[in-house]
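Student: Below is the structure I would like to discuss, written out as structure tokens.
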Amino acid sequence: MFARIASHKRILIPTLVAVSAATAFTLYNSTSRSFQSESSAKKVFIGDNAWIDLPISKIESLSTDTKRFTFKLPTPDSETGLIVASAILAKYVTPKGSNVIRPYTPVSDIHSKGEFQLVIKHYQEGKFTTHLFGLKENDTVSFKGPIVKWEWKPNQFKSLTLLGGGTGITPLYQMIHHIAENPEDKTKINLIYGSKSPADILLKKELDEVAAKYPEQVKITYFVDDSASATDYQGKTGYITKEFLQENIAKPAADNHVFICGPPGFMTVYSGKKVGPTDQGEVTGILKELGFTKDEIFKF
């Protein structure tokens, strides 16, 4: 999913030939991350299907049920090797020996060196998140990847409508940050992001910074179910309605694309759920009512 041995001049001594061949075979077939070609040494997730254990270097609480985990890469100059938009797989092994594997999208810059970050919500019945939230700094988690969701190309569309709910902001933020920070990419971005309360708006500081830095390119509208708990909240209260979308997002067109990510209920209301990792399923819900088709929507 996701070493070349340098050729040598012919050696005429049979014993040396045998030793050299055996050594080359061992190196070539090794799955250990201690041996990498020079060109890939700085990229950690190279699609070789090998798991790598990485330590947690920092844990930050973002809301009552969500944390940001920073993981340390093997060397200070290592990069994840990810592209936009892509995710990685995380794994832990239960006491009974079963693998629990989940996909996550890093929210750090794909070119960040030495570390990467994941924003993860704890679900009470979630096996992986319950395990992860019980870990502390210097504990390790197994990862492999990448899982490419959408290979973004600069100026692929004139404008993007991004619809997010809850932790569904992570792949959308990855796109926003990457596009806005590329001076060659002129794509306009319109993010509509729904959360339970102002305190549950994940990555708000980072999102606001991007919008303030690139006001002509990035527009963000926040929606919360209940704003009574925050006196300084600047956004809308209630659900993201069909009427709001009809008046505030670009109409269906070949040069406008919708990317959407959120919990199952959110997806059902606005676009319909994905059938599987490679099957987007039919477009239903509010976006269908607004005239959007499968060719104009991507579901993370």
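Using the three backbone atoms N, Cα and C, a Cβ is placed for every residue, glycine included.
TrEMBL labels come from automatic prediction, so no person has curated them.
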Student: Of the residues LYS96, LYS127, only one is listed by TrEMBL in the FAD site with ARG102, PRO103, TYR104, VAL119, LYS121, THR170. Which is it?
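Tutor: Answer, per TrEMBL (FAD site with ARG102, PRO103, TYR104, VAL119, LYS121, THR170), from LYS96, LYS127: LYS127.
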Student: Please average pLDDT over the domain 'FAD-binding FR-type' (49-153) for the predicted structure.
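Tutor: Its mean pLDDT is 97.
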Student: Around PRO103 (FAD binding site), which residues of its chain at least 6 apart sit with Cβ under 8 Å of its Cβ?
Tutor: ALA87, ILE88, LEU89, ALA90, ILE147
Student: I'd like to know which of the binding-site residues ARG102, LYS127 has the most other Cβ atoms within 10 Å of its Cβ.
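Tutor: By the 10 Å Cβ neighbour count, ARG102 comes out on top.
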Student: In the domain 'FAD-binding FR-type' (49-153), how many residues does DSSP put in helix, strand and coil?
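Tutor: Computed counts for the domain 'FAD-binding FR-type' (49-153) are 7 helix, 48 strand, 50 coil.
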